[in-house]
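Chemist: Dropping the structure in here first, questions after.
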Amino acid sequence: MSKSQLTSVFFILLCALSPIYGAFEYMQLVLTWPITFCRIKHCERTPTNFTIHGLWPDNHTTMLNYCDRSKPYNMFTDGKKKNDLDERWPDLTKTKFDSLDKQAFWKDEYVKHGTCCSDKFDREQYFDLAMTLRDKFDLLSSLRNHGISRGFSYTVQNLNNTIKAITGGFPNLTCSRLRELKEIGICFDETVKNVIDCPNPKTCKPTNKGVMFP
């Protein structure tokens, strides 16, 4: 292969592997179940409700991460906004004081994911959108109302069908190695108004085994 051909191949691969700024095709709201998370990592606090891990713009062909590293994260200073975020999007590994003081978790999520939709949502809008979507379903109460309660094991199919009945789309489920429910991803179309089935879900494989909701 000639030098010019190698250069062309390299350029094509670079384009294929590089994220496309602002070209997301769907959005995934990832909610963490703190009880399972805190059995894996040391936590300073363990809420008994689903908390936000992140709001991730993505597309079907290329994983979107760090779309604009030059875009700064400006720390939140409004006390009410910080408390609202900490209630819904806490850094479980940090105390509330450290979390609000340094905002490291929010910064990491914004730089990695929020910059991939900043052509549509600025920093304030991005975090407000995540909180709005999280509050929309009140997932813990909705699961309980649909017969999914803590302390019991359920099939993946049961969980998928129940969450679809609540949200309107099949989720992306993540489990721990002990097959405890760790995260639920809810996917939205590019308008972030309509729930869709999550593309290529992990689904806590193998799907023929039960999943504990601790």
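Each residue, glycine too, has its Cβ placed from N, Cα and C.
In case it's useful when we look at the structure, here is the feature table from Swiss-Prot:
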- 1-22: signal peptide (SIGNAL)
- CYS38-CYS43: disulfide bond (DISULFID)
- ASN49: N-linked glycosylation site (CARBOHYD)
- HIS53: active site, proton donor (ACT_SITE)
- HIS53, ASP91, LEU92, LYS94, PHE105, LYS112, HIS113: RNA binding site (BINDING)
- ASN59: N-linked glycosylation site (CARBOHYD)
- CYS67-CYS116: disulfide bond (DISULFID)
- GLU109: active site (ACT_SITE)
- HIS113: active site, proton acceptor (ACT_SITE)
- ASN160: N-linked glycosylation site (CARBOHYD)
- CYS175-CYS204: disulfide bond (DISULFID)
- CYS187-CYS198: disulfide bond (DISULFID)
Chemist: List only the single closest residue to HIS53 (active site, proton donor), chosen from the recorded positions HIS113, CYS175, CYS187, CYS198 by CA-CA distance.
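Modeler: The smallest Cα gap between HIS53 (active site, proton donor) and any of the recorded positions is with HIS113.
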Chemist: Enter the number of other CB atoms within 10 angstroms of the CB of CYS38 (disulfide bond).
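Modeler: Taking all protein chains shown, CYS38 (disulfide bond) has 17 Cβ neighbours within 10 Å.
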Chemist: Just checking: which of CYS38, CYS43, CYS187, CYS198 have a Cα that is within 10 Å of the Cα of ASP91 (RNA binding site), counting only these disulfide-bonded residues?
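Modeler: Correct set: CYS43.
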Chemist: Which residues does CYS204 (disulfide bond) neighbour through Cβ under 8 Å, counting only same-chain ones at least six apart?
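Modeler: Non-local contacts for CYS204 (disulfide bond): VAL156, LEU159, LEU173, THR174, CYS175, ARG179, LEU181, VAL211.
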Chemist: In sequence order, which residues at least six apart in the same chain have a CB under 8 Å from the CB of PHE105 (RNA binding site)?
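Modeler: Counting only residues 6 or more apart in sequence, the Cβ neighbours of PHE105 (RNA binding site) under 8 Å are TRP89, PRO90, ASP91, LYS94, SER99.
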Chemist: Pairwise over HIS53, ASP91, LEU92, LYS94, PHE105, LYS112, HIS113, annotated as binding RNA, what's the top Cα to Cα distance to the nearest Å?
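Modeler: About 21 Å separates the two most distant Cα atoms.
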Chemist: Cα-Cα separation of CYS43 (disulfide bond) and LEU92 (RNA binding site), in Å?
Modeler: 5
Chemist: Any idea what the Cα distance is from ASN160 (N-linked glycosylation site) over to LYS112 (RNA binding site), rounded to a whole Å?
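Modeler: Checking the Cα atoms of ASN160 (N-linked glycosylation site) and LYS112 (RNA binding site) gives a distance of 28 Å.
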Chemist: Would you mind ranking the recorded positions LEU92, CYS116, CYS187 by how many other Cβ atoms sit within 10 Å of each Cβ and giving me the lowest?
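Modeler: It is LEU92 that, of the recorded positions LEU92, CYS116, CYS187, has the fewest other Cβ atoms within 10 Å.
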